[in-house]
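Contents: one structure, followed by commentary.
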Amino acid sequence: MHSSTAVGCRGAEFCFAHVLFQLSTAVIMRITKPPGINLFECIQGSPLSLRTCQALALLLTFFSYASYHAARKTTSVVKGVLDPKTSNLGLLHWPRCLNIGKLHTSESHMVLYGGWAPFDSRNGTALLGDIDLAFLAIYAIGMFFVGHIGDRVDLRILLTIGMIGTGLFTAAFGAGYWLNIHSFYYFLGIQLITGLFQSTGWPSVVAVVGNWFGKKRRGLIMGIWNAHTSVGNISGSLIAAALLKYGWGWSFVVPGVMIALVGFIVFLFLPAGPEAIGSEDGHLNDSGKNEIGTPLLEGQTEVREKPVGFIEALRIPGVVPFALCLFFCKLVAYTFLYWLPFYISHTAVGGKYLSDSTAGALSTLFDLGGVIGGIIAGYISDRLDARALTAASFTFSAIPALFFYRVCGNISLYWNIILMFIAGMLVNGPYALITTAVSADLGTHSSLRGNPRALATVTAIIDGTGSAGAAVGPLLTGYISAKSWTAVFTMLMVAALVAGLLLSRLVVAEVCAKLESWRSAAATGLPVSSVEDN
């Protein structure tokens with residue numbers, strides 16, 4: 001009797017838990033109107049226009065992903081404080097007993113003999129590389145799952161969870177300063193969890209923008225919008241560098257609080273798509289469609305399509321080559337993201353060594369070049385209608401830029417600034433193009449037959465593969481830089497070469513298509529643009 005009762009109770013508990021799970025899943029999956037917009041419309045007495053919601057989506061996704069990168073950038077700035085040794089100059093190894101302090105400013109002299117265990121040990125540089133690997137590896141792995149989830153849930157909720165989680169664990173890393181924690185596994189564990197939360201960002205923001213914006217001038221618009229990466233890197237560098245004098249913990253806590261606050265604003269106001277403010281069945285009326293303009297997902301049917309699977313997304317023409325290309329592009333870009341301030345502070349520029357805070361501020365010029373590079377790459381690819389050709393041209397051009405930055409960047413501060421800016425423009429240009437316009441193109445490929453529920457999955461596959469390269473680059477740099485920075489730059493130049501070669505088939509196809517269009521135009525006497533449109 002008791003046994004049957006227990007079984008019945010357990011069955012009831014299971015059913016109740018199953019119902020709760022279904023309800024919670026339904027709430028998350030249902031794209032709802034943000035509470036902040038609801039409140040504003042109640043006060044105003046009329047609904048927000050679609051143009052206003054479109055602008056709101058663009059601004060909030062811009063600042064949300066900028067805050068992701070601001071929180072991510074702090075580690076690179078603090079590296080020089082955690083591991084202040086000057087033995088990793090790439091030219092010679094100086095033991096600490098030598099009076100190296102004479103080569104440094106008085107501001108950095110105080111930091112040189114500090115450090116933070118366990119990163120101030122002989123293998124501290126390698127440990128910092130392991131920390132980067134832990135973060136970026138789980139970030140890359142999480143990206144594939146998040147993209148799959150992103151096509152199935154309310155992106156506003158997903159972004160909110162990711163941003164607040166990122167803020168909490170970024171601050172937890174900095175809390176080790178006040179709690180006097182010196183366990184490597186503590187910092188390793190924190191970075192693993194932070195990487196998992198950070199992986200929610202990119203597929204979500206690209207999918208939100210993809211829900212709102214049309215195909216015309218996609219490369220230029222997304223190139224400008226993609227400036228959030230460099231804006232986040234720049235602001236993160238400046239904030240972290242400015243707070244170093246108060247203790248390196250503040251360099252983590254303040255960006256952590258900032259991203260959590262932005263995440264709360266996203267929860268209140270971000271419209272994940274037109275269906276969040278449209279009619280009850282999730283579709284806009286004709287006037288609404290006209291107000292937004294040409295939709296990103298042209299040919300979208302009124303029937304809810306099933307989300308595209310991982311294998312089906314991989315079969316979309318161009319996904320694999322661009323994903324592999326991004327692997328090597330992000331290997332280069334993220335090596336600079338994580339190690340550039342460290343490299344600058346550990347390399348004599350004009351015969352002098354810069355302090356950690358100065359190096360962190362100076363490194364922002366690389367990201368500023370990245371902003372310009374992303375916009376130029378997007379504009380050129382729109383004008384040529386050739387994404388692969390544009391991306392390959394930038395990656396091949398980055399090879400001599402990296403060479404000259406390594407060889408001539410130490411001549412003077414002015415040469416360093418100019419060459420760093422050019423390198424940032426050429427390295428980040430194809431990276432920005434592939435992660436935005438190319439991902440949107442492939443996520444709305446004609447082979448999907450108008451299915452709108454593939455954008456986050458395709459974005460995740462491309463950027464997730466790229467993030468694997470982002471994990472490899474900083475890891476190898478942590479070990480190679482201990483012997484030679486020249487070897488590090490050689491690795492980066494080889495990676496840029498491989499990235500360009502991976503697009504060779506797509507480049508040939510684009511060039512052949514262009515030549516065919518010009519031949520057709522010459523034969524018919526029509527403008528080239530009209531032939532290409534047909």
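Cβ coordinates come from backbone N, Cα and C, glycine included.
Residues or ranges marked as domain 'Major facilitator superfamily (MFS) profile' by TrEMBL: 50-512.
Taken from TrEMBL, the feature transmembrane segment applies to 133-150 (among others).
Residues 28, 64, 67-68, 71, 74, 116, 146, 149-150, 186-187, 190-191, 193-194, 196-201, 204-205, 208, 247-253, 255-264, 266-267, 270 of the same chain lie 6 or more positions beyond the ends of the transmembrane segment (157-179) yet place their CB under 8 Å from a CB of it. The feature transmembrane segment is assigned by TrEMBL to 157-179 (among others).
According to TrEMBL, the transmembrane segment annotation covers 185-213 (among others). Beyond the ends of the transmembrane segment (185-213), by six or more residues, the same chain brings 53-54, 57-58, 61, 64-65, 68, 71-72, 130-131, 134-143, 145-147, 150-151, 155, 158-159, 161-163, 165-166, 169-170, 172-173, 176, 221-222, 225, 270, 272-274, 292, 296-297, 435-436, 439-440, 443-444, 452, 455-457, 459-460, 463-464, 467 to within a C-beta distance below 8 angstroms of the stretch.
As annotated by TrEMBL, transmembrane segment applies to 225-244 (among others).
Positions annotated as transmembrane segment by TrEMBL: 250-270 (among others).
Beyond its flanks by at least six residues, the transmembrane segment (319-340) meets 72-73, 75-76, 79, 132, 136, 233, 313, 363, 366, 370, 388, 391, 395, 398, 402, 420, 423-424, 427-428, 430-431, 434-435, 438, 442, 458, 461-474, 477, 481, 488, 492, 495-496, 498-500, 502-503, 505-506 of its own chain at Cβ-Cβ distances under 8 Å. Annotation comment: TrEMBL describes 319-340 (among others) as transmembrane segment.
Long-range neighbours of the transmembrane segment (360-381) within the same chain, counting only residues 6 or more positions beyond its ends whose Cβ lies under 8 Å from a Cβ of the stretch, are 76-77, 80, 218-224, 226-227, 229-231, 233-234, 237-238, 240-241, 244, 333, 336, 340-341, 344, 354, 387, 389-391, 394, 416-417, 420-433, 436-437. Residues annotated as transmembrane segment in TrEMBL: 360-381 (among others).
Here TrEMBL flags 388-407 (among others) as transmembrane segment. With a cut-off of 8 Å between Cβ atoms, the residues of this chain six or more beyond the transmembrane segment (388-407) that come close are 318, 321-322, 325, 328-329, 332, 373, 377, 380-381, 416, 419-420, 422-423, 426-427, 429-430, 433-434, 438, 485-486, 489, 492-493, 496-497, 499-500, 503-504, 506-507, 509-511.
TrEMBL lists 413-434 (among others) with the feature transmembrane segment.
Per TrEMBL, the feature transmembrane segment maps to 455-480 (among others). Below 8 angstroms of C-beta separation, residues 125-130, 132-133, 135-137, 139-141, 143-144, 146-148, 150-151, 155, 199, 202-204, 206-207, 210-211, 297, 307-310, 313-314, 316, 319, 322-324, 326-335, 337-339, 431, 434-435, 438-440, 442-444, 487-488, 491-492, 495 of the same chain, each at least six residues beyond the ends of the transmembrane segment (455-480), sit close to that stretch.
Annotation comment: TrEMBL describes 486-508 (among others) as transmembrane segment.
Within the model, the domain 'Major facilitator superfamily (MFS) profile' (50-512) shows a mean pLDDT value of 81, rounded to a whole number.
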